[in-house]
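Shown below is the structure under consideration.
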Amino acid sequence: MNVAPEPGAAGAAAPQGRKLLRLEVRNAQTPIERKPPWIRTRARMGPEYTELKNLVRREGLHTVCEEAGCPNIFECWEDREATFLIGGDQCTRRCDFCQIDTGKPAPLDRDEPRRVAESVHTMGLRYATVTGVARDDLPDGGAWLYAETVRAIKELNPSTGVELLIPDFNGKADQLGEVFEARPEVLAHNVETVPRVFKRIRPAFTYQRSLDVLTAARQFGLVTKSNLILGMGETPEEVRTALVDLHDAGCDIITITQYLRPSPRHHPVERWVRPEEFVEFAQYAEGLGFAGVLAGPLVRSSYRAGRLYEQARSRNTSGASNSG
């Protein structure tokens, strides 16, 4: 239900002039939290980053890295890695941590896969991550768009690795199958949080269905990946249990990060997880047998994605040869 902002919600204006949702008004009663000293980055503008920055500006290209203000842009661009958002800037679902707005999406842009592929080519990327909004308004849930973007990138950039971060397509096997057939190097679907708080944080998704998406991708023969965001009300024991669930579901690669609140209308930060806790979670995940693990306050699901894929592929290959 939409409601008008209350006085405490000042500064939490909703996008595109819409009224704040009741949940957003409640969230806005909590001021934006002060970040702890370990949540900081230093700009290291090496030659690769500077070249890409100038090229992106000159060619009018669009990346999530810049438009979302990602703190890791300097490192990723130095490695010739970047992330692209497809499907528009309006999502048909609302997650309480996500900065992408919920609304009625624009009509499907069938030329978008070609433009993304050309951007990858122009930027000379070694590894490209493609993510997008949920498109429940489309008959196929956007499956063609996700699959075609992978196909277009691979056709124009045969040596570039592609990681595809997808919604759950409501668990529909035909839509998931169409996406899997495009065979990205990594198929990612982010669980994001633990079962107890899942419904509150991601009401349009279900925890088990997200696990099932990863299982289906793994059974198809794809390298799988997921992400957990900490600081939204979970306990350390629940994090460990979720890691077990993800590994049992067939997830190869896991990233673990700190929740950073995008605006006052988003879910308040309930806890700042200390760096040493991330080290402990990473060690626990490695002990479970994940092929690739990256955890830290400023890690994002696409952070060092190419390196993590190579690490996972190496471990999977090594494990297969040792078991033989």
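The backbone N, Cα and C atoms fix where each Cβ goes, and this holds for glycine too.
If you look up Swiss-Prot, you'll see Cys65, Cys70, Cys76, Ser302 marked as [4Fe-4S] cluster 1 binding site. Per Swiss-Prot, the feature domain 'Radical SAM core' maps to 77-291; the stated evidence is sequence analysis. Taken from Swiss-Prot, the feature [4Fe-4S] cluster 2 binding site covers Cys91, Cys95, Cys98.
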By a 10 A CB contact count over all chains shown, which of the binding-site residues listed here is most packed: Cys65, Cys76, Cys95?
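Going through Cys65, Cys76, Cys95 one by one, the largest Cβ count within 10 Å is at Cys76.
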Per-residue pLDDT averaged over the domain 'Radical SAM core' (77-291) comes to what?
94
At a 10 Å cut-off from the C-beta of Cys91 ([4Fe-4S] cluster 2 binding site), count the other C-beta atoms across all protein chains.
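Result for Cys91 ([4Fe-4S] cluster 2 binding site): 21 neighbouring Cβ atoms inside 10 Å.
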Could you tell me which three-state DSSP class Cys98 ([4Fe-4S] cluster 2 binding site) falls into?
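Note: Cys98 ([4Fe-4S] cluster 2 binding site) is coil by DSSP, not helix or strand.
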Between Cys65 ([4Fe-4S] cluster 1 binding site) and Cys91 ([4Fe-4S] cluster 2 binding site), find the distance joining the two CA atoms and give it rounded to the nearest Å.
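Between the alpha carbons of Cys65 ([4Fe-4S] cluster 1 binding site) and Cys91 ([4Fe-4S] cluster 2 binding site) there are 18 Å.
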Other than Cys65, Cys70, Cys76, Ser302, which residues of the chain come within 8 Å of the [4Fe-4S] cluster 1 site, judged by Cβ distance to the Cβ centroid of those residues?
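Result: Thr63, Val64, Ala68, Asn72, Ile73, Trp77, Glu81, Ala82, Thr83, Thr129, Arg300, Tyr303.
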Could you work out which of the binding-site residues (Cys70, Cys98) has its C-beta surrounded by the smallest number of other C-beta atoms within 10 A?
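Comparing Cβ neighbours within 10 Å for the binding-site residues Cys70, Cys98, Cys98 has the fewest.
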Of all the binding-site residues given, namely Cys91, Cys95, Cys98, which is spatially nearest to Cys70 ([4Fe-4S] cluster 1 binding site) at the Cα level?
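The smallest Cα gap between Cys70 ([4Fe-4S] cluster 1 binding site) and any of the binding-site residues is with Cys98.
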Quick one: which residues besides Cys91, Cys95, Cys98 have a Cβ within 8 Å of the [4Fe-4S] cluster 2 site's Cβ centroid, in sequence order?
Arg93, Arg94, Phe97, Gln99, Ile100, Thr102, Val133, Ala134
Would you identify the secondary structure of Cys76 ([4Fe-4S] cluster 1 binding site) according to DSSP, in three states?
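Once the DSSP labels are grouped into three classes, Cys76 ([4Fe-4S] cluster 1 binding site) ends up as helix.
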